[in-house]
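Please read the structure below before turning to the comments.
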Amino acid sequence: MDKSAMPAAFSSHHDWYMSTLSSLSSPDGFSPLHLYTYNHVMDGFSAVLSQAHHDQLHELLGQLATYPETIGHLHTTRAPTFLGLKKHSGLWPAGGFGEDMIIGVLDSGIWLESESFNDEGLPPNISKTNDYDSPRDFLGHGSHTSSIAAGCSAVGAEYFGYAKGKAIGMAPKARIAMYKVLFFDESYDAAATDVLAGLDQTIEDGVDVLSLSLGFFETPFDENPIAIGAFAALKKGIFVSCSAGNNGPHAYTILNGAPWITTVELTVTGKSVYPENLFVSDVPIYFGHGNRTKELCEIYSLDPEEVAGKYIFCDFDSSGQTNAYAQIDEIDTAGAAGAIFSSSEGPFFRPTDFFKPFVLVNPKYGDLVKHYIINSNNATVSIRFQTTLLGTKPAPQFCNNIDDDDYLLTDYALESGTSMSCPHAAGIATLLKAAHRDWSSAAIRSAMMTTAEVFDNANGRIIDMTTGVAGTPLDFGAGHINPNKAMDPGLVYDIEIQDYINYLCGLNYTSKQIRTITGMRQFNCDSATLDLNYPSFIILLNNTSTTGTTFQRELTNVAEGSSVYRAVVRAPSGMKAVVQPAIITFAGKYSKAKFQLTVEIDVGVGSIPESDYFGNYGFLSWYEVNGKHQVTSPI
């Protein structure tokens, strides 16, 4: 609604909206039903309307736009150590462990009795039990994401014996404000009206950071409730972290892609999560050697009289006709006690898949097992379950799948997916904001991006789990967050509100669309551009043999004292990149310097078909002369 069009007779916009709804005629006998009035994310309201009501609204003074309801979807103990957070040095103490910061979480609610929310022994305070009135978590998703962002130290956390250790959040002294936007029904989905209401309340309450592990199908920004709400939060200095969705790493699958949102992913892998403390010692192992259907454990291939009560080895099917899920069904139907599967699918199995004591080994090790069985007169096997391997390589890897657990009851769960990466980033952003109270959301995001790691712990490029080959910036983004480096990035790419408006103008959004997104009546598009001051560079090719683009950027020094930086470009064959000036100087803290990057591409040279990617990429790094800082962006 256009606030300026409110008649003087009304004392508040809410009264105006209610009067507007009551003035609508209802030829079908069903009156309009008001749901929410929004004060921050937009000037307007949500309501249940008939088509007749909708048509009448369009004729009324002050109505700018209407949008149909849309539905959004929901997209670990070792994480702080894995990310390099330490108790006595680095970002944790520098950020006061997030003390006095408030993280607003929009999710399925929270279960305060969890040890992760045991705040110095204070009892939980939830009096209402009705799902729509209570913040009580009906699903577990919200409790999990909240504990990752800011959970207290919980000693002895485990998942049926796996991953035993101390569970602790990224910002353990921060406060959690839970805004329940998902409710118990058969869908496990979130309505846009509820998400907007939650976002509106977070701004009213004054949270410092927002974490949303959910997303809506990508639409123009003015039709996306998270994009709209996040822009309103941006104007209040609130950092917004969102999940990217779980349909990757294939092309064109990212959600929450607005540039004023920080969008993230993370994953963990395992080979068996059978939930019993079981040690199988020297039991005979069955392998249908000589009969290929039995070797592969194909459907109806195993004789129950041969395999009942035994452990079975199922070979890898390189043709792809029989997968591990089908093999599991077959060994279960035949009455086997357990199994070893030679399979490349191990990292993608969910905890709920391990309903029998079986182990998945990759085909390389599967061939060794097969060789042992074939060449032994009485082959036996020993398996120890509930063993967690730390320091595995390579790590991290990316694959936007999600693990969940809906039939085993435990205080802590093993889950993967961007829902879990989002609160990690939100917690780290909380620490950064606590350490640097004057940083904008864009500066925080820039610090996390330009100091991120693109190599795994085996010193190779982060790989795509689905293909096994090196990923690219279109897969892993800027890279894997390094919290301690992000605390002291040297330089940042900052972005002002007007910069985002110039970007929306460059996207050819109408004045009405820009007003809906930004909530601003007064703006202009005199400086429209698609070249946002963002810490990465992308060139879109238009079926030409060569193409060139020049980017304009501005860097801000956030370190103490003066400094000099030198540009270094790592460009592959077929890409030529030139930085001008190649050396930039900063007189002191908060001083700025501009540069331009000109990139020319020969699309016929050096194109790499890596990881569902067609094109090429390089990196621009600014190295501090006689200093320690390195500021890197993907091209």
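Even glycines carry a Cβ here, placed using N, Cα and C.
Residues or ranges marked as domain 'Inhibitor I9' by TrEMBL: 1-74. According to TrEMBL, the feature domain 'Peptidase S8/S53' maps to 98-461. What TrEMBL records for Asp107, His141, Ser419 is active site, charge relay system. The feature domain 'Subtilisin-like protease fibronectin type-III' is assigned by TrEMBL to 531-635.
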**Request:** Could you give me the DSSP helix, strand and coil counts for the domain 'Subtilisin-like protease fibronectin type-III' (531-635)?
**Result:** 0 helix, 54 strand, 51 coil
**Request:** To the nearest whole angstrom, state the Cα distance for the pair His141 (active site, charge relay system) and Asp107 (active site, charge relay system).
**Result:** 7
**Asked** Do you know the mean pLDDT across the domain 'Peptidase S8/S53' (98-461)?
**Response** 76
**Item:** Nonlocal neighbours by CB distance (under 8 Å) for Asp107 (active site, charge relay system), same chain, sequence gap 6 or more
**Value:** Leu74, Asp137, His141, Gly142, Thr145, Ser146, Met178, Tyr179, Lys180, Val181, Leu182, Leu212, Ser213, Leu214
**For the domain 'Inhibitor I9' (1-74), the number of residues DSSP places in helix, strand and coil** = 20 helix, 15 strand, 39 coil
